[in-house]
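Annotated features in Swiss-Prot:
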type: DOMAIN; residues: 2-77; note: domain 'Lipoyl-binding'
type: MOD_RES; residues: LYS43; note: N6-lipoyllysine
type: REGION; residues: 88-123; note: region 'Disordered'
type: COMPBIAS; residues: 89-110; note: compositional bias 'Basic and acidic residues'
type: COMPBIAS; residues: 111-123; note: compositional bias 'Low complexity'
type: DOMAIN; residues: 130-167; note: domain 'Peripheral subunit-binding (PSBD)'
type: COMPBIAS; residues: 177-194; note: compositional bias 'Low complexity'
type: REGION; residues: 177-201; note: region 'Disordered'
type: ACT_SITE; residues: HIS399; note: active site
Amino acid sequence: MAFEFKLPDIGEGIHEGEIVKWFVKPGDEVNEDDVLCEVQNDKAVVEIPSPVKGKVLEILVPEGTVATVGQTLITLDAPGYENMTFKGQEQEEAKKEEKTETVSKEEKVDAVAPNAPAAEAEAGPNRRVIAMPSVRKYAREKGVDIRLVQGTGKNGRVLKEDIDAFLAGGAKPAPAAAEEKAAPAAAKPATTEGEFPETREKMSGIRRAIAKAMVHSKHTAPHVTLMDEADVTKLVAHRKKFKAIAAEKGIKLTFLPYVVKALVSALREYPVLNTSIDDETEEIIQKHYYNIGIAADTDRGLLVPVIKHADRKPIFALAQEINELAEKARDGKLTPGEMKGASCTITNIGSAGGQWFTPVINHPEVAILGIGRIAEKPIVRDGEIVAAPMLALSLSFDHRMIDGATAQKALNHIKRLLSDPELLLMEA
């Protein structure tokens, strides 16, 4: 009897995830804690280790497929472990019981109405729903009981489009799900015919998560963006002075830690920027902590690791942590815990050569600070035209919560601190 390894409960409220990559194949020998696969959810890519030592017999869930907690992913020849259970198996047993009940109900429905589609019989208040956490939240926000919605995604998964169709009084046809199951996951080959050849490929789990988060934020929060710039002559000199000292400590000192400190000070001065809105209860959540998300551009997509308690850390410590999290983001090693709990976010388009832009709020946060490149520009100082390094700043905010004048005052506060690093350190 083979040992069945099921998708474990990895915490963070995650009930399912996409199998991004398998690191083993049938016939491979694995040891305990060897990485079996990578699973992508709404928050991060998580490595799933083997709980036992044994030989891989069969991979049951291929790459690109969404699996639920408790679903068997792989079978192993691991003598002595055949009857061992792990966290998440209870969900699988419940799933089997529900499946039996569903079959029984379908038989009764068929006896009354043999021509009724089976897909319609599956939707109901007692069925088990497969849906990403973001879709479940979207359903709650729209006042929809997701158990009543017929899913058209792979394995009957409920998509955001299914919620919209339900609200519109209809549902997507069930055959679409069957077609998706039968369709190959590989990209369609390019056609050499015609003037405009095209290819198609499946969206990655991270790209889908980013797309859903961006659409949800723009649809939920009325965005307003203020654009300004700060004279960072003194800041450039300050960084230059301490850059070598930081290097001696093995730290790469950038301008980002200074921006983090300035933003934290602004959040303290204007606490409305450090809030969120509970759309279900219509309550304002005032956050009494300062966790700053740092948007990181990676080959897999945009990830946002979080600097916890940024108000308690000096510049060098912030620089070190930012560098470490950025490296983990690029290597795909971030854990869900390192990407949760942000109260406000910074995004940097300056590293790509950009200046002003309209950053999208990382909902449910209510503000996001965008920083652009530092460019030499002519300015008037003490009645004379001089060249000065100017830092482009873009502050997007949720107008439901923050008034324009308040946002501009907060941006002015940030500008003042970045223009005077000594004052910034006094504030910090």
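Using N, Cα and C of the backbone, Cβ positions are placed for all residues, glycine too.
Over all protein chains present, the Cβ of HIS399 (active site) has 14 other Cβ atoms lying within 10 Å.
Residues in the domain 'Peripheral subunit-binding (PSBD)' (130-167) partition by DSSP class (helix H, G, I; strand E, B; coil) as 23 helix, 0 strand, 15 coil. Mean pLDDT across the domain 'Lipoyl-binding' (2-77) comes to 87 in this model.
Taken residue by residue with DSSP, the residue listed as 'active site' is part of neither helix nor strand, so it is coil.
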